[in-house]
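What TrEMBL says about this one:
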type     : residues : note
COMPBIAS : 666-681  : compositional bias 'Polar residues'
COMPBIAS : 682-698  : compositional bias 'Basic and acidic residues'
DOMAIN   : 251-553  : domain 'Sulfatase N-terminal'
REGION   : 665-698  : region 'Disordered'
TRANSMEM : 12-33    : transmembrane segment
TRANSMEM : 45-66    : transmembrane segment
TRANSMEM : 73-94    : transmembrane segment
TRANSMEM : 123-143  : transmembrane segment
TRANSMEM : 159-177  : transmembrane segment
Ligand code: GP9
Ligand code: MN
């Protein structure tokens, strides 16, 4: 037996199988011990178990095509070592950055911030020797002839069979991965997902291809293209509304991201089985109607496959996402941006922070935010996230907002912040324990049924947070911006929604589909009395110029594609990422045209609608030019300078903020300092749905 195995191992194919086995064991060890891949179910475990095999085997099978045995062994050994080094480099990188290495970073283009080089030694563990020990043992065994260099010739046919076997295995892996996560390859959610489903080698290869493509396109772009784009942005600039310009000057900006929240939920009451009505978002509704809130009832999301990340791109850059995939994932670590945090820092001295209870590398945020100029990013690593208080997209909203306070209170004012809530995310799973209780809708679609309860949970979470803002005094000095990032109920489910909206599912059409793309947008400015609900048509691309004008920053010279929603010159055309559009007159979706006001269908496209279609196409084309060509690297503005991403390290943020506080001493403007060097976190009150229900006698 022993001999048989030994004999088999001494064959060339046996040798590469041994190498595959070693790589497999090391990869699995790394998966479970080094990385946090967020495994949710048995299928994911299974995929994880098999994913290192196919690519390693394929790569090592190349050595089988080499005739000269010594060279073949050396090649196999080198290919093995390369994979091992790739794995280990990722382990080291992960220990420092909780993320995987991109090809961009490896090439040094993205310059690793934080000087991994200096700290690398500290990241080494003695047990790491286990990863490499066979690099010495194997040659030793070969030298001592314990493992024999086989002189047996491998027929090309046999070699090919091994490669083919590897490819087949890979297709199986890919199929299972797509089954578990649709859109894995096209939507590039995060590096962790690719590693989890396809393994380190495949992730790196895919990242390499994408990086190559991105650089190909941008190499051809020239500064002249920016001149053309600037011609467009200048011609489309809409003058600020003089009554509103600067009304929030110097105030903190607090963005509250209402995950998957659609406009139809505003003022919506869900009937339970007894016919009793339950207001889904009582708190948001109150704000929506408040005289200090400037609300919009015809505001649309404009995202595509990048979903949340596209909304962030639109809102903070006044640029669209890409027509395919996510701009954050594909270009967030490569392009030059002039985004809200950078502009407000450079023109008004704002500090900045993004808060989100999911892994920092989801949507490549940890890289993209640096290029947006975010000084701080509090991702999941800053929160106490456990099985009970989280789900696949991260920490639930209540603990998320509450646990953000110990960081928020140390930010120097004025600050620009963004809080990305996430509990109201597909699949809208029922809330557990004390948070359960809000009724489910009663359609045949489980996703729809759960949506209202998670919206209600979001509403209560936001209410608690705003109450804290009031208690801590932040509220009075801030402008609160609420927005829905995109639909929560997808088009394919909308027909089942019809009944809940008092509509007939039989006559549900493309006009209704577009109406469902409305999302909330509210600027809440304490102290203002002239808010109200505006019916202006607009989209997410319009938010940044609108916000800057409220803050008293004129955006005339900035490379923005949107327009101030309050401007008398605002052109009320809303482009969807696929070229569809809506204006106060026309709605165009999937080839059908309608009157926006009546919903009546128009059989032939009139020239005015044709003109809007043209304008939409131009706006999208400008965005593609800027993004694909990385044109903002050519942008020059006396008042602004490009962001240096290496200025930002998202580790030890709290310590950094506290040091800054101490250095500024009397001059520190953080809430913590203003509170006499005391934490304000005790001002935060949180209640479960159960308690709330009891108190309200429901
Ligand atoms: C994940 C969260 C959800 O971190 O922002 O993103 P989405 O799936 O809505 O794009
Ligand atoms: Mn989202």
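Backbone N, Cα and C atoms are what each Cβ position is placed from, and that goes for glycine too.
Through the fold, the compositional bias 'Polar residues' (666-681) approaches residues 402, 405-406, 408-414, 468, 471-474, 657, 660 of its own chain, all at least 6 residues removed from its boundaries and within a Cβ separation under 8 Å. Mapped onto DSSP classes, the region 'Disordered' (665-698) shows 17 helix, 0 strand, 17 coil. Only sequence-distant pairs (6 or more apart) were considered; of these, at least three Cβ pairs between the transmembrane segment (45-66) and the transmembrane segment (159-177) are under 8 A, so the stretches are in contact. Here the transmembrane segment (123-143) has Cβ contacts under 8 Å with residues 22, 26, 29, 73, 77, 81, 84, 87-88, 91-92, 95-96, 149 of the same chain, all six or more residues outside its ends.
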